[in-house]
C-alpha cells in the first residue's frame, strides 16, 4: 500500500495513513476513540463529534470490530493514549467489513478453547500472544540456522516421499506414487547420512516429518518440524556438543531479540538461557535416579524404555536440560553404533524437564555391521539397498541427531499444548484448516 505508515512509526507532527484492524471502539458521548491495530502495535484515533463531518464520524464509530480500515490524518502527542500519540482523522475507509459476531475475541478479554482457536486460526493470530509465538518461532529458526553455519554445516533439503520407512514399522502414511506404493518420510535420517558421506561432510536440515502414530496427547503431532544435524568424522560426543550450541543459541537469540514478544506472553522474568554444559547421565544412572524418586508404581529395570512419568520425575530431579547416554543397544535403531561391548549403544537423548527433545548418536559406518543391525531388528536390507550400497564406497565415521522444532518452542515458552506452536497442526482429529 503506497505511503502507508506502520502504527509504531507514527510520530507527532506527521500526516500519515495507517492501515489495520479495528481493535476496539469506545464512545464517550461528545468524543469517541477507535483503536487501530497492525502488526507493529496499536494507535488511537480520536473523533470529536461536534467538530467533524457526520459521515466521517459515522463511518469510524459504526464499523465492526476486526474490520480492515485505513485512516489518514494528523498525528498528535497524547500522553493518555495507549502509545502516547493519537490520530485526528481526515478520512476513514473501510476495506473489508467483519461480521458483528466473531467466533473468538482476538483482544483476549474472553477466553476461547484451543479447538475454537485452531478452527479460526486467522482470528487467533491477531492476538498479541498468537503473534508473539510465531515471531519467536521465526527467531528460533533464524538463530538455529546461524548456529549450524557457525558449526560449518551446510543446509540441505531431502525428499519427503520415500519407498521405505526410515526405521521400518507401521508408523507411516502410505500414498500412491504413479501406481506404486510410497510413504511420507518419517525422518531425513538415511538421506542426511548419505550426504554426510560426501565431501560436504556436515549438514543440517529444517523440514517436515510425518508419523502415523495414534497418540492424542498435548505433546504429539502427526506432522512436525524436525531440526536435523549430521556430521562426518564426528562421534556421539561431538554431536552432543553441537546440539548444546544450537539449543543455547536459540535461547540466547530469543532473550536478546524478542523481549516484546516474551512480555506479551508474560514470561519475561521466567525466561532463562540454559547453562552449559548440559549434564550427561548414563541410561543406568537415569534409571537409578528415577527409581529413587519413588514416583513410579513399578521399578524400572535394565532394558526398559523410560515412561512419560519417569521422564518427568527425572526432569524434576535434574532441573534443566540434560542428556541421557549409553542406552541399551537393543532399544535403539539399527543405524546407531554400539560401544565395543555390544551391550551399550552410542545413542543419546537430550531432555528438557518436561519431555524428550532430541534423539541422536554415532552411526554405524561399517557395512557388514550395518547389515547385521538390519537383520537383528527384523528388517530386510534389500529394501534399503539405495542406502546400504553407499557404504561400499568409503563411509566415514559420522554422528548426528534430530530435534523436534515444536517441542523446542513448546518447552521454551512453557506452552500447555504443542499445537499452539504450529500454525495449522495435524493430529488424529485435525486435517483442516
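Yeah, the Cβs are placed from backbone N, Cα and C, and that goes for glycine too.
What you see is a predicted model, and the numbers here were worked out from it, not measured in a lab.
Listed features, source Swiss-Prot:
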SITE      82  site 'Important for tRNA non-discrimination'
BINDING   167, 211, 359, 363  L-aspartate binding site
REGION    189-192  region 'Aspartate'
BINDING   211, 212, 213, 219, 220, 221, 356, 404, 405, 406, 407  ATP binding site
BINDING   356, 359  Mg(2+) 2 binding site
BINDING   356  Mg(2+) 3 binding site
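Location within the structure of each feature annotated in Swiss-Prot.
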{"residue": "82", "record": "site 'Important for tRNA non-discrimination'", "DSSP class": "coil"}
{"residue": "211", "record": "L-aspartate binding site", "DSSP class": "coil"}
{"residue": "220", "record": "ATP binding site", "DSSP class": "coil"}
{"residue": "356", "record": "ATP binding site", "DSSP class": "strand"}
{"residue": "363", "record": "L-aspartate binding site", "DSSP class": "strand"}
{"residue": "405", "record": "ATP binding site", "DSSP class": "helix"}
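Considering only the recorded positions 82, 211, 359, 363, the residue whose Cα is spatially closest to the Cα of residue 220 (ATP binding site) is 211. Distance from the CA of residue 356 (ATP binding site) to the CA of residue 363 (L-aspartate binding site) is 20 Å. In sequence order, 219, 352, 355, 356, 357, 418 constitute the residues six or more apart from residue 407 (ATP binding site) in its chain with CB-CB distances below 8 Å. Within the set 211, 212, 213, 219, 220, 221, 356, 404, 405, 406, 407 that the record links to ATP, no two Cα atoms are more than 19 Å apart, and one pair reaches that distance. Counting every protein chain shown, the Cβ of residue 405 (ATP binding site) has 24 other Cβ atoms within 10 Å. For residue 405 (ATP binding site) paired with residue 359 (L-aspartate binding site), the C-alpha to C-alpha distance reads 13 Å. Cα spacing between residue 213 (ATP binding site) and residue 359 (L-aspartate binding site): 17 Å, rounded to the nearest whole number. Helix, strand and coil counts under DSSP for the region 'Aspartate' (189-192) come to 4 helix, 0 strand, 0 coil.
Mean model confidence for the region 'Aspartate' (189-192) is a pLDDT of 96. Residue 359 (L-aspartate binding site) sits 47 Å from residue 82 (site 'Important for tRNA non-discrimination'), taking the C-alpha atoms as the reference points.
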